[in-house]
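Before any comments, here is the structure.
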Amino acid sequence: MKDLENLQKLLGYEFENTKLLNEALTHKSTKLPYSNERLEFLGDAVMDLIVGEYLFKKFSKTNEGDMSKLRAALVNEKSFANMARHLQIGEFIHLSTAEANNGGREKASLLSDAFEAVMGAVYLEAGLDKVREIAVRLLEICYPKIDFSHLVKDYKTALQEITQASLGTTPIYELVRSFGPDHKKEFEIALLLNDKEISRAIANSKKEAQQMAAKIALEKMKK
């Protein structure tokens, strides 16, 4: 595992209390007395606020519904995992041997959780302004074009237009199951056309899972 100094250089912030950073990088699989789950919970809330504020200022004439869609496109597992990869967080996470051997350092869920935890740790030690500075810089590096056309992909609407025109029917989305802790629930959605299952997807919200299932269905139709 690399020296934490390298991560702090990439982050653009040097911790006074490196124990806090270590906690943010400790996965529950280590079975240590502490893990990054509490910091992840905090970091999730902080990032939600920062991204919301950023979009509010950047898109002064955009309505609430569209801003919510933009925020959802940026505040999610995939987005946070992308930012974690930019920081090379996977190389610094403390994992059990089994989890590491199972590709844990590349898992989007683990990377996203660790990123949120690191943001939570920065917030605790340095406050909101420092987290905002780091988060906005990472957002603009990882997403150089932050606008509706580049970020918000409404696969459900696209699929519905195609199926109505070609099949005379609309897709049905069914919840297969929900699982995980209350603050990190995941939802599995099945997409059906004429009572036949076409695709399935799992995400952190029903809406995101539906969009992912619609995207998979669209990709199948192109083949």
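Any Cβ shown, glycine's included, is placed from N, Cα and C.
Just so it is clear, the model here is predicted, and its values are computed rather than measured.
The active site annotation in Swiss-Prot covers Asp44, Glu116. Per Swiss-Prot, Mg(2+) binding site is recorded for Glu40, Asp113, Glu116. Residues annotated as domain 'RNase III' in Swiss-Prot: 4-127. The domain 'DRBM' annotation in Swiss-Prot covers 154-223.
Each residue of the domain 'RNase III' (4-127) gets a DSSP state, and the totals for helix, strand and coil are 91 helix, 2 strand, 31 coil. Annotated Mg(2+) site Glu40, Asp113, Glu116; additional same-chain residues within 8 Å of its Cβ mean position, judged by their own Cβ, are Asn36, Glu37, Leu39, Phe41, Gly43, Asp44, Phe80, Ser112, Ala114, Phe115, Ala117, Gly120. Asp113 (Mg(2+) binding site) sits 9 Å from Asp44 (active site), taking the Cα positions as reference. Within the same chain, residues at least 6 positions away in sequence whose Cβ sits under 8 Å from that of Glu40 (Mg(2+) binding site) are Asp113, Ala114, Glu116, Ala117, Gly120. Residue counts for the domain 'DRBM' (154-223) under DSSP, helix first, then strand, then coil, are 32 helix, 24 strand, 14 coil. Here the recorded positions are Asp44, Asp113, Glu116; the one with the fewest Cβ atoms within 10 Å of its Cβ is Asp44. Averaged across the domain 'RNase III' (4-127), the predicted model reaches a pLDDT of 94.
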